[in-house]
Structure formats: structure tokens, C-alpha cells
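Peer 1: Below are the C-alpha cells for one structure; questions will follow.
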Amino acid sequence: MKLGLASFQWLVFILAGSLVAPLAVGHAFGFSPQDIADFMQRTFLIIGISGVLQTMFGHRLPIMENPAGLWWGVFAVYGGLVAAGTLTLEGGLRQLEMGMLIAGALFIVIAVLRLTAVIGKLFTPLVVGTYLLLLVAQLSGSFMKGMLGVGYRASTHVELQVAIPALITLLCAMLLPRSSKAFLRNYSVLISLCVGWLLFYLLGITEPIQPSSAWVSAPMPFAWGLPELDSGIVMTSLFVSLLLIANMMTSIRVMEGVRKNAGEKSKPVNYERTMLMMGANTGLGGIFSAMGCVPISGTAGFIMTTRIYERLPFIIACVLIAGISFFPPATAFFASIPMPVGYATIFIPFASMVGLGMKEFKSISMNERNRFILGVSIMMGIGCMFIPAEAVGELPGLLKTMANNGLIVGMILCMAMEQGSRLWDRKAGKSELKQ
């Protein structure tokens, strides 16, 4: 019973976190409801397989795999190019398939050449902490708009009828983890989602379940056609891949810290093996016309909230997610979870990443130099988040992808400033020795 409930709570958390990206990308490309359902079906398959591969053969930790936010951004940019007529719909989608395959191949090459440790030295506590703060800042707008009903059922403004039950769901998600009853604490995410979904149903503001033409249907490989090579997607894929390595390492280190603080023992992570599985997962994203998946930092917040540290419930949930993808009616049912409820349910696990970022800063000396690097990185990163997408429309492809993505800008800036200052200190030390 306990295993079943824990597995189902993992299933709910994964579903709540994985619905937003396919829906947003589908709307960016102007997909029909059926195309969005098919895209979500393929996404569920990749999420399930990715989680099992990493937990069994990669980092061996219960970390949720989800479509990478960076790929989400790239897809959104290409959706804008298609809408503007710069690219055809078929051409843009096929280039994105190729991008996934290129990124997957790069991850595998890095794993085979054992370069992961070299790259890992760049991700210090200062960089990891900055990354977590910027990640929360970048997601906060989407969470608030989502909970207030902006974008739900094609609404362009705050809907009180949607916002009130969503905020009640958020209140449940905030209070249940602090309950004196272990059952309410451990299954707070599941209970909050059920309460929210029931409220939306009683108020008549749930979206109708999309009818399915078949009960059983396997996700189709290369659903958008054969991959198409383009210089722009090659450069974008190579750059995004390096940033996703940072995402992967950060997620693992955050999870290791949470488990260590809880007294849970785990073996040292083999980053080469993890990178190899990440390459396979990203390649599968290209083959099945979906977004590549990466470990998600917010999982640490979920585990802190629910105290489910075992791998088995997570593996079972991933198998169920992959299994759901073969049953279109099941995919349609779970896809009908109201987006405001999904946002409210997973709000607390993501908000708790601020505390995790603060813990990273505690492990280093916050001297004047580190405070300066942190301040500049945070201000530049958050500032870029306010640049409208149309304001960077004339920039080259790679710069366009980066310009209003404050997470990328802030993290690169933090990394460059920290490594630059260390190099400066080493050179200054050598010159003093010569004198």
C-alpha cells in the first residue's frame, strides 16, 4: 500500500511537471488538439524511458527527467520563426529533430572521452547557487500566471474563478507538508492535486478530455519526417548541450545534498555513465520527435516535501508514465489535469530551491568578490528575463536563443567572472613570486 501510494505520488508529480512544456510548444507551433495530444504521448514515453535509464544505469538517483527548459526555449524560438514565415513548419520541426540527435551524439562523445570531470570543475557552489536562484526567478512568472488563470482556456487576463481554487490548492500544498500526521505530510502533493482537480470539476472549469480514435497506439518515430541538417541548429545544439551539462550536474549535486542532510546513503555518481544515458535520452527525443529530457533540480524540493527517498517508487512511476504513452485515452485523461492545479501543486517543491541555493552559498566564503559576482549575475540574469521576445527578433539565431533567457546569461556570466577572477589571482600570485 505504501509503495503504491508513493509511486502514484511520483506519477502525479512527474505528470504535473511534464504537461506544461508540450502544451506551450504545441501552441507556439499552432498544433491542432490532436497534434498536441500526439506530442504529449511521445513526451511521456521519453520521460518514462529517460527516468528508468538514469536511475538504473546512470546517476542511480531518484531524479525526475523532464523536457529541458533550454530546449523548450529553442522550440519556442523556432515556433516564432515559423509563425513569422522565416521557416516552414515542416522544415523547423525537422531541424529540431536533428538538433536532438546532434546533442545526444555530443553527450556520448564527452562520456567516451571522459571529459565530464573537467567540465564539472566549472560548477562551483557559487555557480550552482546562482543557477538555483535564477531558475526560481525564471519560473516564478510562469507559475504565477498559470495559477491566476492567464493562458488557461485561451484567457488573456486573470480569471478569479480559476485563481481562487488554484490558490486554495496552493494553500493545501503549503500546509499539508507541515501537518502532524505522517500520511498528510508524505502524500501532500497527491492530496493537493486531488483537492484542486475536484474543486475545478465542481466549479465546471475543467477542460474536456480529448476523444481518442484508438485504445492502444504506439508513439510514432520521426513523426515530423526525417531530420534536416542546418548550420543554425548545429551551433544552437552544441551550445545548449554544454549548458545542459551544467543543468545535469547541478541537479545531481543538489539531490546528493538533500539525501546527505537526511542521512540517506548513496554511492558516488559516475558522471561518465550519467552523460552516456543523457546522450541516449536526448537522441531518443530526436527519434521520437519530442524534446530531450534532463534531470530536474525541482525533484530535490519534492523529496524534501514528501520524504520519499527510495528509488523503487520512482522507477515504478517512470514505467507507468512510459506505459501510459501506449494508451491514448490514458494520455488524454492525465493531460486534462487543469494547468493551474498543476502549477499550484508543484509550487512549493520549486520554491524550496531558494533555500537550497542559500545552502550552497553557506559552503563558501561570501567575500567582497563573491558578493560582487553574485550581484552582477543575478541582476543581469533577471534583467534579461524582462526583455520582450520581439525585441531580440532581429538577432542571429544563437544570440536570439540566449538574449532573453536570463538563466543562461546569468549562469555564463557567473561562471566567466569566477573563473576569470581566479585566473587573475593566479597570475598576480606568480608575478609577486617573481618579484
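Placement of Cβ uses the backbone N, Cα and C atoms for every residue, glycine included.
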Peer 1: Can you dig out which of the ranges 9-30, 229-250 TrEMBL describes as transmembrane segment?
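Peer 2: Among 9-30, 229-250, the range TrEMBL annotates as transmembrane segment is 229-250.
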Peer 1: Should anything in the same chain at least six residues away from the transmembrane segment (122-140) have a Cβ under 8 Å from its Cβ atoms, list it; otherwise answer none.
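Peer 2: Distant contacts of the transmembrane segment (122-140): 69, 246-247, 249-250, 253-254, 297, 350-351, 353-354, 356-361, 363-364, 370, 373-374, 377-378, 381-382, 385, 405-407, 410-411, 414-415, 418-419.
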Peer 1: Quick one: do the transmembrane segment (160-177) and the transmembrane segment (95-115) have at least 3 Cβ pairs under 8 Å, skipping pairs fewer than 6 apart in sequence?
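Peer 2: The transmembrane segment (95-115) and the transmembrane segment (160-177): touching, no.
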Peer 1: State, in range form, which of 95-115, 189-209, 312-335, 341-358 has the highest count of Cβ pairs under 8 Å to the transmembrane segment (39-57).
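Peer 2: Most contacts with the transmembrane segment (39-57): 312-335.
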Peer 1: For the transmembrane segment (312-335), could you work out the same-chain residues 6 or more beyond its ends whose Cβ comes under 8 Å from its Cβ atoms?
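Peer 2: Long-range Cβ neighbours of the transmembrane segment (312-335): 3, 6-11, 14-15, 18-19, 37, 40-42, 44-45, 47-52, 55-56, 62, 64-65, 209-219.
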